[in-house]
Amino acid sequence: MNSWDAGLAGLLVGTMGVSLLSNALVLLCLLHSADIRRQAPALFTLNLTCGNLLCTVVNMPLTLAGVVAQRQPAGDRLCRLAAFLDTFLAANSMLSMAALSIDRWVAVVFPLSYRAKMRLRDAALMVAYTWLHALTFPAAALALSWLGFHQLYASCTLCSRRPDERLRFAVFTGAFHALSFLLSFVVLCCTYLKVLKVARFHCKRIDVITMQTLVLLVDLHPSVRERCLEEQKRRRQRATKKISTFIGTFLVCFAPYVITRLVELFSTVPIGSHWGVLSKCLAYSKAASDPFVYSLLRHQYRKSCKEILNRLLHRRSIHSSGLTGDSHSQNILPVSE
């Protein structure tokens, strides 16, 4: 194993560690907070988090073993199962992000009727469709024997070793990425751009009111006026940064892998194995970044994390004080009469 392979193996280990801890923390927050569970987005987050954890404990270790051993890391049956999960979880992750963007669009564009339009039952139906959509392609690939170990990505994933099936497999792979990656990307762009448009409209209204107030308050201290103007600027940039993060992480993580898969099918130029594994690692890194992008940086999840931490510290302090009291009572000698 050369330095490139060692670096890729280290990247995979780091991604696995961050993904496991962060997604487990999201699950703890969902279990702890009833307020979060009552909201419709909690179902999308739960679906995304469970998929990320499954990918972390099944697919990432097999890819790590493939990088280290430079060969198929498991038997054919286990590899086909891992390839089925890899295809399903990738599509499920993309479609779950599209569902979350639709939820944000409904919340921002229809704030007064959001609870009526996006109930837990509606969210459950969307998750059910996501699963059905994501299961279609790996089920078809399993029936056509297009699941196995792919040396270029050191992973158990979609692959076809028969030259006579090259065209059919290329059409299938193109359709899979069009109806998972491209469809989700279009939904993300349409919904978040609409959200950005509404957010900018509200910012302009707030800015007009703020400027009118500043004009009326002639005796206002210059430092207060400057802070108000700086807050205006931050308000304009906040929505843009969030939406850029949502779409940017989706593209950075998934686009290199999808493009590599398509170039591999339709180009005669050989692709380096290190780039293939790196693009797969980038796709895996979405499982590590999702908890921070969609959950842990939000106020409700931060509050839930603090409550969990305080409860653990409180239990530890009670336990330690109990042990101290027991040891102190044991050290006291009985006084004879």
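Note: Cβ is positioned from N, Cα and C throughout, glycine not excepted.
Between CYS156 and the candidates CYS79, CYS203, CYS228, CYS253, Swiss-Prot records the disulphide pairing with CYS79. If you check Swiss-Prot, you'll see ARG80 and VAL106 are listed on opposite sides of the membrane.
Three or more CB pairs closer than 8 A are found between the transmembrane segment (82-102) and the transmembrane segment (246-266), so contact between the two stretches is assigned (pairs 6 or more residues apart). Cβ-based crowding with a 10 Å cutoff singles out CYS156 as the top-ranked of the disulfide-bonded residues CYS79, CYS156. In three-state terms derived from DSSP, CYS156 (disulfide bond) belongs to an extended strand segment. For the transmembrane segment (11-31), the most Cβ-contacting stretch among 124-144, 169-189, 246-266, 277-297 is 277-297 (pairs under 8 Å). According to DSSP, the topological domain 'Cytoplasmic' (103-123) comprises 15 helix, 0 strand, 6 coil.
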